[in-house]
Amino acid sequence: MTALLEVEDLRVAYGKIEAVKGISFKVDAGQVVTLIGTNGAGKTTTLRTLSGLLKPVGGQIRFNGKSLKKVPAHQIVSLGLAHSPEGRHIFPRMTIEDNLRLGAFLRTDKPGIEKDIQRAYDLFPILGERRKQAAGTLSGGEQQMLAMGRALMSQPKLLMLDEPSMGLSPIMMQKIMATIAELKSQGTTILLVEQNAQAALSLADQGHVMEIGNIVLSGSGQNLLHDESVRKAYLGED
Amino acid sequence: MNELPQQLVNGLLLGSMYGLVAIGYTMVYGIVQLINFAHGEIFMTGAFGALTVWLWLPGGTTMWIALPLMIVGAVVVSVAIAVGAERFAYRPLRTAPRLAPLITAIGLSLALQQAVWAWYPEAKSARTFPQISGGPFEIGSVTIQTGDIFLVAAAPISMAILAYFVMKTRTGRGMQATAQDPDTAKLMGVNTDRIIVIAFALGAAFAAVGAVAYGLKYGEINFRMGFILGLKAFTAAVLGGIGNIYGAMIGGVVLGVAETLATAYIADIPGMDKFGSQTWADVWAFVLLILVLLFRPQGLLGERVADRA
């Protein structure tokens, strides 16, 4: 069986500076895989490369058996790879509903789109209450919900979430993590990038620890959660 | 003063012509943050496109038939030049420092002026532009000159088409998304390269309509007509809030009305009698720009940069 996403020896550079130095990992359908690590480890760069915003200098990306290296960013989403970017990047001057519609930009099945907008409102009721409000007026946590809802609107085979808990209050973070767990239980395949290692690893089937452009440790979520070095470095224990 | 309504209407008409051209500045700026200083010349070549069509038509063709064809000619020429400029001059510089495309735009502006001067038949001096017959039209105490009647129809129709396109169509939504956050727009599946081309093309099309209006209004066109008018339209775009398409139209109207009123009435102010003539109209237009930049730098409808967190 081939994996849904296969990354092989991926290298990405900003000018001469290599930010990702040859990483390999897989995501199987139905799994939640997480990349954890500190700032500057190359996690966001990895996701931006997978969705085509950055071009790799080397290595292979295969999604659903197809190489993504030559596919422009705006076509990658149509293959079933959705990306909720770091910092949320909702469209601030559009309404919540228009943001969701943009998530379905390439879809033409109107009834299906309406159904999925309703699904996003069921998942995040606060968005439904404010559907006509400009997205820029939402709080950070609500914007995160919108960014996730928007990414789901493309009916992705793989959902990539970049730091969904960043800058959120503990309560809001719990809500977001609970939603990710709910999506997982519905069978959504997720590639999760997080600095909050504890939360990410408890959810994940597989985890990879990144440090300055390399994957230094891989294992199941549970194993990493109990790994001595991970606990020291990322879970604040000594 | 019973000529005030007349002056207001004159200003409104002049301003809606500025607005038509201003849309091109504001759309391109909104999407790629480039001030396309060649836009005035894209406008100018549109006027020559319209004239060319007129010269091709057999003599004696009525304006009812000629005018639509002239608009088509103007739009085709302006759009072709704008899209060509985007593809071959601006796109290769998209990741270059801001100054590079700006200087390219200025160079392109000069090149287009000189090309028309050198190669368009008898364009070294002004060329007569065909006129609509009939009119002028009297509405109460207000007279609308024959040459302006085209603007009365074209400006609102153009604005309505633009508003519909941007707000209601899928491509329009993709355009808004690209203006707000180009990388994220790509993540949604928006082909941002295509959106940029469409922004250039649409702006050029509206400038071409403005160019036909200019020819009908003033009766003649020349290779330099895009310079001052381009500057005024750019002023209108900044006045309205650059990047905002409604702002461009409103800025144009405000500018046109202010300029017209200043020319008409400023000489009545004691001690200002020297400053009322038509030659001072441009000065008042730019004084208005300076005032707006001082007191409302984001423009009338512009948004503060702070909300782009």
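Quick reminder: no glycine exception, Cβ is built from N, Cα and C everywhere.
The transmembrane segment annotation in TrEMBL covers B:12-32 (among others). Outside the transmembrane segment (B:12-32) by six or more residues, the chain places 39-40, 42-43, 82, 90, 94, 144, 148, 151-152, 154-155, 158-159, 162, 175, 178-179, 182, 195-196, 199-200, 202-204, 206-207, 209-210, 213-214, 217, 229-230, 232-237, 240, 242-245, 247-257, 259-260 with a CB less than 8 A from a CB of the stretch.
Within its own chain, the transmembrane segment (B:39-57) has Cβ neighbours under 8 Å at 21, 24-25, 28, 65-66, 69-78, 81-82, 85, 108-109, 112-113, 116, 120, 123, 127, 129-130, 203-204, 207-208, 210-212, 214-215, 221, 223-227, 229-231, 233-234, counting only residues six or more beyond its boundaries. Positions annotated as transmembrane segment by TrEMBL: B:39-57 (among others).
TrEMBL lists B:63-85 (among others) with the feature transmembrane segment. If one looks beyond the transmembrane segment (B:63-85) by at least 6 residues along the same chain, the residues whose Cβ comes under 8 Å of a Cβ in the stretch are 24, 36, 38-39, 41-43, 45-54, 57, 108, 112, 130-133, 150, 197, 200-201, 203-205, 207-209, 211-212.
Look at TrEMBL and you will find B:97-120 (among others) tagged as transmembrane segment.
Residues annotated as transmembrane segment in TrEMBL: B:149-167 (among others).
The transmembrane segment feature in TrEMBL is assigned to B:195-215 (among others).
Residues annotated as transmembrane segment in TrEMBL: B:221-239 (among others). Within the same chain, residues 15, 18-19, 21-26, 29, 35, 37, 39-44, 47-48, 51, 109, 112-114, 116-117, 120, 123, 125-127, 129, 210-211, 214-215, 247-248, 251-252, 254-255, 282, 285-286, 288-289, 292-293, 299-300 sit at least 6 positions outside the transmembrane segment (B:221-239) and bring their C-beta atoms closer than 8 Å to a C-beta of that stretch.
What TrEMBL records for B:246-267 (among others) is transmembrane segment.
Feature annotation from TrEMBL assigns transmembrane segment to B:279-295 (among others). Beyond its flanks by at least six residues, the transmembrane segment (B:279-295) meets 228, 232, 235, 238-239, 254-255, 258-260, 262-263, 266 of its own chain at Cβ-Cβ distances under 8 Å.
Here the transmembrane segment (B:195-215) does not touch the transmembrane segment (B:246-267). Their Cβ atoms form fewer than 3 pairs under 8 Å, with each pair 6 or more residues apart.
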